[in-house]
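A.B. asks: To start, I am sharing the structure in question, which I have written as structure tokens.
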Amino acid sequence: MATLTARVLPLPVRFGNGRHLVERNFLVYRRSWIVFVSGFFEPVFYLLSIGVGVAQLVGDFTLADGTAIGYAAFVAPAMLASSAMNGAIFDSTYNIFFRMKYARLYDSMLATPLRPWDVATGEVTWALLRGACYSAMFIVVMLLLGLVESWWTLLALPAAILIGYAFAGAGMAMTTFMRSWQDFEFVQLATMPMFLFSATFYPIETYPGAIRWLVEITPLYQGVALERALTTGTVSWTLLINALYLVAMGTAGMYVASRRLGKLLLK
Amino acid sequence: MSVVLENGRRQFDYWATVYKRTWKGSLVSSFLLPLLYLAAMGIGLGSFVDDNGTGALGGISYLQFIAPGLLAATALQIAVGESTYPVMGGIKWQKFYFSMIATPLRPADVMYGQLAFVAFRVLTTCTVFLVVIALFDGLATPWGLFGLPVALLVGMAASAPVCAVATRLENDSGFAMIFRFGVVPAFLFSGAFFPVSQLPNWIEWLAYLSPLWHGVELSRDLSLGTVDPLAALGNLAYLAAWFVVGTWFAVRGLTRRLIS
């Protein structure tokens, strides 16, 4: 079954041998499926606590185009974007660092016909598959709670995968520069402020000029803007800029990651 | 008594050495994170809550509402963090617990030493946090400073039972479950961010079971000067019970694991 799944997945260009790595991760995670499943609960807990509990204290929000929405509908797409980021970052930093330094997994892989690019694409594809499962379930929860306002929500899943792609690529590139577990403090230092301040809990208009600009250039803000526009139906052409930003970030990350993996492991 | 003190002194030496080497690694998670939450939720989101009318919160600002809650929640997170991987490390990975009991220390002393270190971490982190809260006008009255001993008690009430579990686990995948289904829901649903009376009835009752809720209540009542002595005694007794029973199980678990 595992083999079959890995073989019938749609494969991007040059994906090539990366699928073997996806197959390997799939087999490993079959043994710890509880850890896999439990990952879904965290964003839902946040949604229920802040979107439902705090919402009663906040009241409705007015979006830039003048439509008023409930606070839960405002926060939910941001939780979706944040959880796509967190999942991708976790998979592409902690897990990859462990496999690279301790399990020495990639050393063994590169002793086969696999090339560094295959390792990079394989790991990122795995992170995206896993993230897509969580995001899809989260969107279903949003539907059940009545937090979806538009048919554009159909694009929310591809958008979440795009967010995952951006952060998985960047995370993997960063991981190749990490020296020890202590360096992971920097990962938290980057993701936590983004989670709290990327217009996740209140509109971007709250910030004064310079700070607003600073928030707008962060990658999570791009993701939040994208998801919020889709699920609330306030879609405009500027979303293409958000999407392009994320594509560029992910691709640059993948390129750096595969170059660095080659340098680190093929000496 | 003097034996206990002497054993405690030996332990202190060990933990002081460890922390001198590792404190930098805990700066972001223990000091910066709670501050960022305070800024994002208390100040950022707080401006919207306050605009919406503060009737639901009894006339105080949202910042003053969540600050005592966040203090107790921070204590819980630090305490659980220091009671999971370090305890398993002492038994399984670095095995320093075994070296400790090769000296005059007994397993009980080792566990008390571990708990004392957790208490130290909770106290230092929460003191810094409390000072910042006070500077941001997060305390409704100076009585809020008594949130510190409450935070310590919350930390110990969480640490002891988690240590008890950690001494019985075979591998660390159980910790992911403790965080996902224990710490995170407690953090989000124990009344730190909104009154638990807003929750559906059955979840409200789950919240009452959590030690954190009792800590949040105590800490907030102190800060607002709305302490009801009887309720406060109940909260204190509940937290103390978690600590005492947890410690008993932790000592038992560790003794079995180290001496068999």
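Using the three backbone atoms N, Cα and C, a Cβ is placed for every residue, glycine included.
What TrEMBL records for this protein is below:
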DOMAIN    B:25-257  domain 'ABC transmembrane type-2'
TRANSMEM  B:27-49  transmembrane segment
TRANSMEM  B:61-80  transmembrane segment
TRANSMEM  B:115-136  transmembrane segment
TRANSMEM  B:142-166  transmembrane segment
TRANSMEM  B:178-196  transmembrane segment
TRANSMEM  B:230-251  transmembrane segment
A.B. asks: Quick one: find which recorded stretch in B:61-80, B:115-136, B:142-166, B:178-196 has the most Cβ pairs under 8 Å with the transmembrane segment (B:27-49).
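C.D. replies: Answer, by Cβ pair count: B:61-80.
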A.B. asks: Please report, as numbers and ranges, the same-chain residues at least 6 past the borders of the transmembrane segment (B:115-136) whose CB is under 8 Å from any CB of it.
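C.D. replies: Answer is 8, 11-12, 15, 19, 26, 30-31, 34-35, 38, 42-43, 63, 67, 70-71, 74-75, 78-79, 82-83, 144-145, 147-148, 151-152, 155-156, 159-160, 163, 247, 250.
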A.B. asks: Do any residues, 6 or more residues outside the transmembrane segment (B:178-196), come within under 8 Å Cβ-to-Cβ of it, and if so which ones?
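C.D. replies: Same-chain contacts beyond the flanks: 41, 56-57, 66, 69-70, 72-73, 76-77, 80, 84, 162, 165, 203-204, 206-208, 210, 212-213, 215-217, 220.
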